[in-house]
Amino acid sequence: MKLKSFGVLGNPIKHSKSPLIHNACFLTFQKKLGFLGHYHPILLPLESHIKNEFLHLGLSGANVTLPFKERAFQICDKIKGIALECGAVNTLVLEDDELVGYNTDALGFWLSLGDEGYQSALILGSGGSAKALACELKKQGLKVSVLNRSARGLDFFQRLGCDCFMEPPKSAFDLIINATSASLNNELPLNKEVLKGYFKEGKLAYDLAYGFLTPFLSLAKELKTPFQDGKDMLIYQASLSFEKFSASQIPYSKAFEVMRSVF
């Protein structure tokens, strides 16, 4: 049976559960796919040229994580779906010798929320994940605000119709979303007292990091604010990516079931 290589490109990467859940799917569906897929964690140096690395490694598809999602958008031969709007790519697929970029973070995040009737969101951070979330939340009709320590990237969110801040706004929000990398460094993304104020009035504290109780989520727990880590988002976006890797042979709902069973 033909072997195809896939992977997740990032820095850092050792924390990623993507190889676990994708390899479970490749094993489960290999007969239907007609090939054996193997999915690797790939640590890229920060200065890497993503397309060159992808082709050099002989990959058929890959996920892209911190800090390469915006750079991945720039190197694709073709961009499809909501990735066109959000300027960030987390899924790369080789299709007819062209490198095609997708974004499954956006819908993956929304599916992970459930239908709770949220009206407003504060996104902390302005990177590729934040862009995808803002696009999807605006599409779903929420009022979206973005808080970042610098002006870097905020022009994108302004064009999208978000309220943008470099100092914490004195408002209440249903969703407070940590889309920064602070949790990977075991840090809070924002001043503790400011976060407490948001959590006390918010409906859900959401951290895109997963696999451990981050300082952000620990504070929410302390204040008895409902909280959620990025595990469900990971599985939803991964199952949507797997559908792309399988050329739509495996619907994301089937991939989701397998991934959920192993993580």
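Keep in mind that glycine also has a Cβ here, set from the backbone N, Cα and C atoms.
The following features are taken from Swiss-Prot:
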| type | residues | note |
| --- | --- | --- |
| BINDING | SER16, LYS17, SER18, THR65, ASN90, ASP105, TYR210 | shikimate binding site |
| ACT_SITE | LYS69 | active site, proton acceptor |
| BINDING | GLY125, SER126, GLY127, GLY128, SER129, LEU208, GLY230 | NADP(+) binding site |
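The Cβ of SER16 (shikimate binding site) has 21 neighbouring Cβ atoms from other residues within 10 Å, across all protein chains displayed. Taking the mean position of the Cβ atoms of SER16, LYS17, SER18, THR65, ASN90, ASP105, TYR210 as the shikimate site, the remaining residues of that chain whose Cβ falls within 8 Å of it are VAL8, GLY10, ASN63, GLY230, LEU234, GLN237, ALA238.
Once Cβ contacts within 10 Å are tallied over all protein chains shown, the binding-site residues GLY125, GLY127, GLY128, GLY230 are led by GLY128. DSSP assigns GLY128 (NADP(+) binding site) to a helix. Rounded to a whole number, the C-alpha distance linking SER126 (NADP(+) binding site) with the residue listed as 'active site, proton acceptor' is 12 angstrom. Minimal Cβ crowding within 10 Å, among the recorded positions LYS17, LYS69, is found at LYS17. DSSP assigns TYR210 (shikimate binding site) to coil in the three-state reduction, placing it in neither a helix nor a strand.
For the pair ASN90 (shikimate binding site) and GLY125 (NADP(+) binding site), the Cα-Cα distance reads 17 Å. Restricting the binding-site residues SER16, LYS17, SER18, TYR210 to those with a CA within 10 Å of the CA of GLY128 (NADP(+) binding site) leaves an empty set. For the pair TYR210 (shikimate binding site) and GLY127 (NADP(+) binding site), the Cα-Cα distance reads 18 Å. Counting in whole angstrom, SER18 (shikimate binding site) lies 12 from GLY230 (NADP(+) binding site) by their C-alpha atoms.
For LYS69 (active site, proton acceptor) paired with GLY230 (NADP(+) binding site), the C-alpha to C-alpha distance reads 17 Å.
Note on SER18 (shikimate binding site): other Cβ atoms within 10 Å of its Cβ, all shown chains, come to 26. Annotation note: ASP105 (shikimate binding site) sits in a helical segment as assigned by DSSP.
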